[in-house]
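The structure appears below as structure tokens.
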Amino acid sequence: MFRAAASSSSASLRRSVLRQSQPWARTLSSSSSLLRPTPSDPTPPKSPTPTSSPVGASPKPDEDGTTHFGYRDIPSSSKEGLVASVFSSVASSYDLMNDAMSLGIHRLWKAHFVSKLDPRGGINVLDVAGGTGDIALRILDHARLKHIDRETKVTMLDINPEMLREGMKRIKRESMYWNTPQIDYQLGNAEALHSSMEIPPPRKGHKTLPPLKSQRTEDESVDLYTIAFGIRNCTHIDKVLEEAYRVLKPGGVFACLEFGKVNNPLLAQIYKQYSFQVLPSLGHILASDRDSYQYLVESIERFPTQQQFANMMKKVGFVLPGSEEGERRLRQEGLDGEEWGGSGQGEWEDLTGGIATIWIGCKL
């Protein structure tokens, strides 16, 4: 993964990929941990019976131009607008929503995700579906506190202007990075990073923030591409992966944290009951928005299995360290797969029994 001619900053990032060198990270991955990794290619639980919600089912965009919005079949051209409505509705309560959907464990997942990547060395990071800035802040804090790195830069990119503005408010309120060159904000579509977007006027409460920007992300300009709990909402996941591959430098790293398929039958049943019976009601109580929470639950069920998503990554050209194929590709480049977390690590890492999953791919 990892060309010999790559920059030292990119090389140091790649040396961190999938190598859990921190003692606390090894603890989180132990048999007693909530973040216990589980074997690759688990058998996913059977999908639940569709609820009475207006949201219905379809696995992916098909040749006739239809896709899924939760459990409902819709024209592919409609999904972007429907998803935008959901996230505009939940933007101000997004962090609360994540707490509800994961019982607060998403904070541990995100901490583990960033620690696993160990970003440092003045790299250029693109955080797609950047939401309220949680991953961006964790990356910058990790680089600064662990490596005394004040050169690494994160561009928070989101298709939803309200989510992006909520992130800007958080950066301004909670961090030292506001008005520094270490963080930038871009309105953009993960499926079309090659083009800019029209910027709508800010809503009430956001007018004091600087205006949003939108511009093309150039080829081979990014060292690390992260996307956390966002890719399942995209209409064409294959296009997202193709764009990620395009913008990454040779040797760059793609890292995805997303809800997965629970592989323990008992945990799967408990999680389904909680997701379909409790979460929509919590959405109604916490945010007066049952339907948006219902969609978010169903979107998790419609996302590909761990193996299917790994195969999609490989199809666009990513090498997944930890698999036999990945190690073979690394050896062809004169690199040591074990150094990057190989030898049985698998093509993904399941957290909390597969409720969440991390996939990492490298562009050779």
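Glycine is no exception: its Cβ is also placed from the backbone N, Cα and C atoms.
For the S-adenosyl-L-methionine site, TrEMBL lists ASP158, ASN189, ALA190; matching the candidates THR66, THR67, THR132, THR208 against that entry yields THR132.
Cβ-based neighbour count (10 Å, all protein chains) for THR132 (S-adenosyl-L-methionine binding site) stands at 23. ASP158 (S-adenosyl-L-methionine binding site) is surrounded by 28 other CB atoms, counting those within 10 A of its CB over all protein chains shown.
Every protein chain shown contributes to the tally, and the Cβ of ASN189 (S-adenosyl-L-methionine binding site) ends up with 21 other Cβ atoms within 10 Å. Annotation for ALA190 (S-adenosyl-L-methionine binding site): same-chain Cβ neighbours under 8 Å, separated by at least 6 residues, are VAL128, ALA129, LEU157, ILE159, ILE227, GLY230, ILE231, CYS234, VAL240, GLU243, ALA244. ASN189 (S-adenosyl-L-methionine binding site) falls within neither a helix nor a strand when secondary structure is assigned with DSSP, and so counts as coil.
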